[in-house]
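According to TrEMBL:
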type	residues	note
SIGNAL	1-21	signal peptide
DOMAIN	39-350	domain 'Plant heme peroxidase family profile'
DOMAIN	362-661	domain 'Plant heme peroxidase family profile'
SITE	Arg399	site 'Transition state stabilizer'
ACT_SITE	His403	active site, proton acceptor
BINDING	Asp404, Val407, Gly409, Asp411, Ser413, Glu425	Ca(2+) 1 binding site
BINDING	Pro500	substrate binding site
BINDING	Thr531, Asp579, Thr582, Asp587	Ca(2+) 2 binding site
Amino acid sequence: MMNTNLASILLCVTLTTTAFALTKECLDPNPSFNSGSGSLQFNTYETSCPLVEPIIFAGVERAIAVEPRMAASLLRLHFHDCFVNGCDASILLDDTATFIGEKTAAPNLNSLRGFDVIDNIKAELETVCPDTVSCADILAVAARDSVLLGSDGDDVGDLVQLGGPSWQVEMGRKDSFSANKTEAENNLPGPNSNVATLTQKFQNVGISQRDMVILSGAHTIGKARCATFSSRFSFAGPGSSVLGDQEFIVSLQQLCSSGSNNTQVDLDLVTPSTFDNQYYVNLLSGDGLLPSDQALLGPDAGVIEALVGSYAADVDAFFEDFKAAMVRMGRLVSPAGNDGQVRRCCRVCLDPNPSFNSGSGSLQFNTYETSCPLVEPIIFAGVERAIAVEPRMAASLLRLHFHDCFVNGCDASILLDDTATFIGEKTAVPNLNSLRGFDMIDNIKAELETVCPGTVSCADILAVAARDSVLLLGGPSWQVEMGRKDSFSANKTEAENNLPGPNSNVATLTQKFQNVGISQRDMVILSGAHTIGKARCATFSSRFSFAGPGSSVLGDLEFIVSLQQLCSSGSNNTQVDLDLVTPSTFDNQYYVNLLSGDGLLPSDQALLGPDAGVIEALVGSYAADVDAFFEDFKAAMVRMGRLVSPAGNEGQVRRCCRVVNS
């Protein structure tokens with residue numbers, strides 16, 4: 001099941017328990033912060049989800065091991081969330097038909113990161129304690145853990161404590177039903193703001209000037225693009241009145257000399273990977289990176305200078321005040337108060353998008369424990385027999401489940417034959433002459449109908465058969481949630497539109513997955529299923545169009561030449577293994593192949609194309625660690641298995657998977 005990694009999570013308990021004990025002091029009330037604090041409390045999930053903090057800690061730790069910079073990114077996510085109508089996880093919402101979210105607001109666009117990390121943590125919590133922990137609480141705890149955890153440099157995987165403080169996080173927040181791009185544009189302070197503007201922006205959301213100075217100390221970690229501080233380059237030389245140290249500004253110009261505004265520079269160039277008080281020391285030396293940072297000691301700074309000096313001289317004083325300020329900021333709530341929800345997917349409100357997880361409440365483990373106790377042994381035996389006859393059947397059964405879930409959820413619509421009232425999905429372009437395994441499902445269903453008639457849905461058979469197919473080829477196993485219903489109809493048009501194609505680029509793939517409620521991170525994880533199976537030459541022949549060595553075709557040219565030879569018979573129907581190295585083993589070779597440029601389908605190798613972005617780090621981590629891939633694949637399969645029809649759980653248990661009951 002998903003939480004076979006709980007042992008490793010429990011290793012974090014000692015550390016996190018010690019960390020929580022560091023700050024149990026009473027905090028003086030600050031009415032401008034505490035409008036929602038009455039509903040927040042420590043140990044909110046003590047009985048309902050006792051592993052919440054260890055699970056979040058482990059998720060943050062894994063993310064920082066892959067990309068050390070993620071610590072600052074997760075901390076910033078919490079800040080930017082709380083500044084727009086309070087700490088309600090509105091920052092995580094994708095755009096919908098009814099509102100434009102905050103992700104595309106100017107202060108956030110191409111800047112905020114870490115959404116997939118939160119998705120992954122949320123999914124794990126949903127498996128352990130569904131519908132319990134809010135996304136807003138995850139953000140608050142992840143911010144705390146990011147301060148504590150980090151890297152000693154640029155070596156991925158070399159984790160140490162950042163040296164920052166820890167504190168006990170109040171929880172009990174609700175997730176918002178909407179987001180507000182306009183408020184994000186107006187509320188968030190900009191990198192070129194002066195003290196007066198900064199003070200006003202913080203006070204507008206209920207944060208005092210003192211706490212503004214304290215929270216600004218978070219800029220002791222993280223990076224900024226040259227575009228955010230290029231205004232500091234406008235000076236005539238020594239003696240100029242430009243704010244800050246001129247020698248330092250010249251060094252910044254050199255760091256940004258490539259001409260790219262997207263070049264990343266450490267906010268603190270002295271101790272960039274340590275959460276400490278160096279930020280304030282830098283300000284006293286005129287070496288604050290952002291104009292808004294150095295402005296704290298500008299001519300209009302007033303009493304702020306004494307506060308900066310005190311923190312520069314006393315790291316313990318800064319730590320104590322930072323802990324208290326983070327608790328106070330975490331109390332900011334929406335003007336609507338605590339009217340919200342606990343989202344099952346942090347990117348999507350439950351009401352506007354019922355196609356994601358709306359049926360997960362009806363799914364559970366051991367659904368057939370009394371009504372059909374032999375259901376899983378019967379399915380396993382059927383899959384085992386099928387693979388013994390034809391090993392390729394493992395990939396075919398796994399693919400059946402994928403293609404089913406992508407069209408109105410996991411409802412076995414893929415199994416329906418055409419009728420007089422609808423054209424089924426089997427003849428849709430992505431499925432025609434491609435999907436296989438229907439007879440295997442028929443055989444398993446017939447056996448179950450003999451043992452426990454009218455009980456086990458075809459949709460549940462598909463989900464369990466997919467799991468068993470992975471296991472029988474050496475992959476992981478997991479506990480399958482069951483209780484799905486079978487649809488009354490099928491939809492060829494939706495199959496044509498929803499299923500990603502073999503020539504898709506990353507942007508198209510991401511959109512196709514997100515359309516059904518699957519994150520980009522899970523897209524990369526689930527793509528790892530291409531470690532088994534075959535594809536027809538027609539699906540990757542577009543890769544043959546290159547002029548020879550030196551071509552810009554995506555991938556390894558030598559590998560592409562070998563594919564041309566495999567397909568040289570001229571038949572587009574020739575079958576080629578998706579993974580030519582270990583074709584009959586479910587492992588992490590798929591990701592190793594991508595790193596070598598040897599992904600078979602254009603859509604596979606596109607994961608490492610020029611527009612791949614942060615995907616590359618994820619691919620690299622799975623190529624290096626098969627256990628990490630297996631753990632995340634199990635969790636992603638559970639999440640995908642929760643996709644249900646927009647009609648909810650209104651369906652039936654078919655007696656024959658090809659035909660709706662009469």
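Glycine too: its Cβ is placed from the backbone N, Cα and C atoms.
Automated prediction, rather than curation, is the source of TrEMBL annotations.
Here the CA atom of Arg399 (site 'Transition state stabilizer') lies 16 Å from the CA atom of Asp587 (Ca(2+) 2 binding site). Highlighted in sequence order, Ile532, Val581, Pro583, Thr585, Phe586, Asn588, Gln589, Tyr590 have their Cβ within 8 Å of the centre of the Cβ atoms of Thr531, Asp579, Thr582, Asp587, the residues recorded for Ca(2+) 2, and are not part of that set. All protein chains included, Thr582 (Ca(2+) 2 binding site) registers 18 other Cβ atoms within 10 Å of its own Cβ. Ranking the recorded positions Arg399, Ser413, Glu425 by Cα distance from Asp579 (Ca(2+) 2 binding site) puts Arg399 first. Taking His403, Ser413, Glu425 as the recorded positions under consideration, the smallest Cα distance to Thr531 (Ca(2+) 2 binding site) is found for His403. Reported as a whole number, the C-alpha separation between Glu425 (Ca(2+) 1 binding site) and Pro500 (substrate binding site) equals 14 Å. Spatially close to His403 (active site, proton acceptor) yet at least six residues away along the chain are Ile414, Glu425, Pro430, Asn431, Leu435, Ala495, Leu499, judged by Cβ distances under 8 angstroms.
In sequence order, Ser413, Ile414, Glu425, Ala490, Asn491, Glu494, Ala495, Asn498, Leu499 make up the list of same-chain residues 6 or more apart from Val407 (Ca(2+) 1 binding site) whose Cβ falls under 8 Å from its Cβ. Neighbour counts of Cβ atoms within 10 Å were taken for the binding-site residues Gly409, Pro500; the minimum is at Pro500.
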